[in-house]
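The [4Fe-4S] cluster 1 binding site annotation in TrEMBL covers 16, 52, 86. Taken from TrEMBL, the feature [4Fe-4S] cluster 2 binding site applies to 159, 163, 166. Taken from TrEMBL, the feature domain 'MTTase N-terminal' applies to 7-123. The domain 'Radical SAM core' feature in TrEMBL is assigned to 145-375. According to TrEMBL, the domain 'TRAM' annotation covers 378-442.
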Ligand code: SAH
Ligand code: SF4
Ligand code: F3S
């Protein structure tokens with residue numbers, strides 16, 4: 001092994017949990033090369049920016065950051081600047097044109113190439129690109145996990161859905177499921193290392209296994225994982241209303257470890273728009289899934305994703321989304337302004353909505369949703385919940401936080417009696433829109 005003495009790496013991650021997991025695999029490879037992680041970007045010998053391109057704002061942030069790093073490169077010619085992830089996949093060598101100070105551009109299927117490219121760059125100072133998508137999507141790579149008790153576990157990569165607004169299928173490729181045996185092996189190892197909570201990751205976890213054609217599916221995966229001792233909580237992201245079945249909900253209910261939180265993105269409350277988005281379900285079908293899940297899981301916390309300002313969204317269609325919010329009453333909703341992505345069908349559709357109108361609709365949507373979020377969180381006041389401790393909050397070391405099974409963030413004043421990873425009972429004193437405040441129950 002090449003050992004780099006006192007060499008450091010710094011990783012910045014944008015985008016979804018999939019990217020978080022990929023970053024841990026980049027870090028794992030860097031550590032095998034002998035690099036150590038640093039929090040100070042100025043000290044780093046390798047800076048890796050793992051990027052997202054799902055919305056234009058995400059890309060803008062990355063381009064700004066790449067620009068900012070130019071001065072570090074000018075100061076240290078040996079610094080290796082790598083851009084990876086979905087935006088790297090989308091832009092490929094155009095990124096070198098845009099930012100000539102970059103060294104490596106690595107796409108979503110080439111995570112395993114990092115070591116080879118770093119070695120090549122150390123020998124010859126030129127720019128290296130690895131963005132071939134015709135290679136396997138999964139490589140069993142070492143992970144340097146950023147958290148000690150929670151672990152991301154990718155179960156599939158890619159997406160076959162081609163929602164008309166979305167760039168993910170183009171930058172992540174077709175759905176590829178990871179073999180069940182590999183997943184079980186990783187989760188058993190995590191349990192042995194003391195990990196308590198895992199999150200199964202995929203753009204559409206409900207279609208897990210379809211490509212394996214051996215009878216494995218999301219339900220059987222859940223059943224197999226349930227038997228692994230030591231793991232207390234199993235989360236899963238993201239579900240798709242078209243592929244989530246009643247039988248899968250039964251499997252989730254039967255599991256002793258799957259949490260009471262379900263994230264089921266609906267995107268719009270208008271059937272006409274859902275059709276234009278190519279989502280493949282109706283509001284009525286979605287409602288049936290939710291009714292079934294709520295009947296079977298009484299303490300279910302339901303969250304969703306919504307897009308406002310999709311091309312052709314009329315005031316009447318938008319009102320249908322507001323009505324849907326009032327009908328379903330989500331615990332929380334992630335709300336997005338439609339962002340045209342070059343190469344996707346929706347970017348070329350007529351009826352694009354002005355930015356001002358999109359902003360107004362986003363605000364109106366949030367105004368409706370926030371009332372429910374607050375109501376749900378207030379209803380938790382005076383009750384006691386098991387929370388797995390994540391550690392101090394960002395701004396204040398005296399206040400610690402953790403999450404309930406329903407994925408709600410709880411903050412309390414710490415007195416030195418708990419450690420990161422403990423499962424502790426916390427009584428909720430105050431429910432706010434985004435967070436709960438409580439105290440430890442002794
Ligand atoms: N596979 C997941 C998540 C995909 S990206 C799913 O299907 O739910 C996360 C969210 O980003 C999506 O649910 C969608 O609400 C939003 N999104 C994707 N493309 C977008 C775009 N072009 N503009 C605005 N929001 C978008
Ligand atoms: Fe994008 Fe749709 Fe696939 Fe989700 S299901 S990643 S929104 S194409
Ligand atoms: Fe972004 Fe790629 Fe995830 S585009 S949302 S980082 S799959």
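Using N, Cα and C of the backbone, Cβ positions are placed for all residues, glycine too.
Keep in mind the model is a prediction, meaning the values are calculated, not measured.
Location within the structure of each feature annotated in TrEMBL.
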| residue | record | Cβ contacts under 8 Å, 6 or more apart |
| --- | --- | --- |
| 16 | [4Fe-4S] cluster 1 binding site | 52, 54 |
| 86 | [4Fe-4S] cluster 1 binding site | 15, 19, 51, 52, 53, 54, 108, 167, 168, 171, 172 |
| 159 | [4Fe-4S] cluster 2 binding site | 166, 168, 169, 172, 174, 175, 203, 204 |
| 163 | [4Fe-4S] cluster 2 binding site | 267, 277, 278, 279 |
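DSSP classifies residue 52 ([4Fe-4S] cluster 1 binding site) as coil under the three-state reduction.
For ligand 2, the nearby binding-site residues are 166; that is, of 16, 52, 86, 166, these have a C-beta under 6 Å from one of its atoms. Ligand 3 lies within reach of none of the binding-site residues 159, 163, 166, judged by a C-beta closer than 6 angstroms to any of its atoms. Applying DSSP to the domain 'TRAM' (378-442) sorts its residues as follows: 2 helix, 33 strand, 30 coil. Neighbours of residue 52 ([4Fe-4S] cluster 1 binding site), defined as other CB atoms within 10 A of its CB across all chains, total 22.
The helix, strand and coil residue counts that DSSP assigns across the domain 'MTTase N-terminal' (7-123) are 62 helix, 23 strand, 32 coil. Excluding 159, 163, 166, which define the [4Fe-4S] cluster 2 site, the same chain contributes 161, 162, 165, 167, 168, 169, 203 within 8 Å (Cβ to the Cβ centroid), listed in sequence order.
DSSP classifies residue 159 ([4Fe-4S] cluster 2 binding site) as coil under the three-state reduction. Mean model confidence of the domain 'TRAM' (378-442) amounts to 95 (pLDDT, 0 to 100 scale). Each of 14, 15, 18, 19, 51, 53, 54, 58, 85, 87, 168, 171 belongs to the same chain as 16, 52, 86, is absent from that list, and has a C-beta within 8 angstroms of the C-beta centroid marking the [4Fe-4S] cluster 1 site.
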